[in-house]
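Taken straight from Swiss-Prot:
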SIGNAL    1-21  signal peptide
DISULFID  C116-C158  disulfide bond
DISULFID  C147-C194  disulfide bond
DISULFID  C151-C196  disulfide bond
CARBOHYD  N160  N-linked glycosylation site
CARBOHYD  N190  N-linked glycosylation site
REPEAT    227-242  repeat '1'
REPEAT    263-278  repeat '2'
CARBOHYD  N292  N-linked glycosylation site
REPEAT    306-317  repeat '4'
Amino acid sequence: MYGEWAAVNILMMSYVYLVQGFSIEHRAVKDVSLERSSRSVLERSEQQIRAASTLEELLQVAHSEDWKLWRCRLKLKSLANVDSRSTSHRSTRFAATFYDTETLKVIDEEWQRTQCSPRETCVEVASELGKTTNTFFKPPCVNVFRCGGCCNEESVMCMNTSTSYISKQLFEISVPLTSVPELVPVKIANHTGCKCLPTGPRHPYSIIRRSIQIPEEDQCPHSKKLCPVDMLWDNTKCKCVLQDENPLPGTEDHSYLQEPALCGPHMMFDEDRCECVCKAPCPGDLIQHPENCSCFECKESLESCCQKHKMFHPDTCRSMVFSLSP
């Protein structure tokens, strides 16, 4: 009888150890999968940021709420007569944005100036035409347009896509001098279109130069241990810590960049109106507070305001003093 119970206990303990081992292995595989997924997200974001060719594209990837504001400011830039009340209202609504709008404007102007495009430059005529050393021109150089500027990837170069030829009147002089300088027409290539094009075989991913990084050494007296699903190994503390204390790269909380940070919890951003508006409208018989979006019953009316010698504003349920022009 005792032998049978011993055998049963041994079988039960073996089963428990087997289940625990499977659970630990499953958590380890899940942690590795999560880390790979985080790296993939980071690499994809890095590629998108590197490929951004305008400030608008960069903001759209990195800070979506500033991108919305930037689009609005571009839309409002043509409106010169914006009253001070409206301007103050908007500056309050956009107080949570990450970048200053004026700074973005300066950066955008600088970016546009450095884009790949035809630029006026000076070229040496003799070198351009491949003339011999005993022939030279006066003036020796002419102004033409050539492609120049920066591209957004290391594997491409700013190159011309269309060319025209312009004629310049110059003096051609040969040595030894046998006659007076001759006035001749010279045709010089003038770039009219430019584009960032690959200089060689294109790889699926652009080569990214990085500084050499020394792998982080584990100074813990014992090797890394497997941690529970909601925890990670911390090399500095030599123990398992909660993911909130030591999050994986790319998994940090970026909720402050989302729409609630820009407009508040009860509002959403209206790109057409270029301002924050309430998410849910109030029923027809209630008035909506413009700041906290709460619904309330209007106590004022046209009659009550007339008795106070004031003007009734139905949208805000407020009585306003008459403004009489002189």
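Placed from the backbone N, Cα and C atoms, the Cβ positions cover glycine too.
Structure with Swiss-Prot features highlighted.
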residue	record	contacts (Cβ under 8 Å, 6+ apart)
C116	disulfide bond	C147, G148, G149, C150, C151, C158, C194, K195, C196
N160	N-linked glycosylation site	P118, R146, C147, H191, T192, G193, C194
N190	N-linked glycosylation site	V144, F145, T163, S164, Y165, I166
N292	N-linked glycosylation site	H266
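Secondary structure of the repeat '2' (263-278) per DSSP (helix as H, G, I; strand as E, B; remaining residues coil): 1 helix, 8 strand, 7 coil.
Fewest Cβ neighbours within 10 Å among the disulfide-bonded residues C147, C151, C194: that distinction goes to C151. Per-residue confidence over the repeat '1' (227-242) averages out at a pLDDT of 70. Summarising the environment of C158 (disulfide bond), the number of other Cβ atoms within 10 Å of its Cβ, over all protein chains shown, is 20.
C196 (disulfide bond) has a Cβ environment of 18 other Cβ atoms inside 10 Å.
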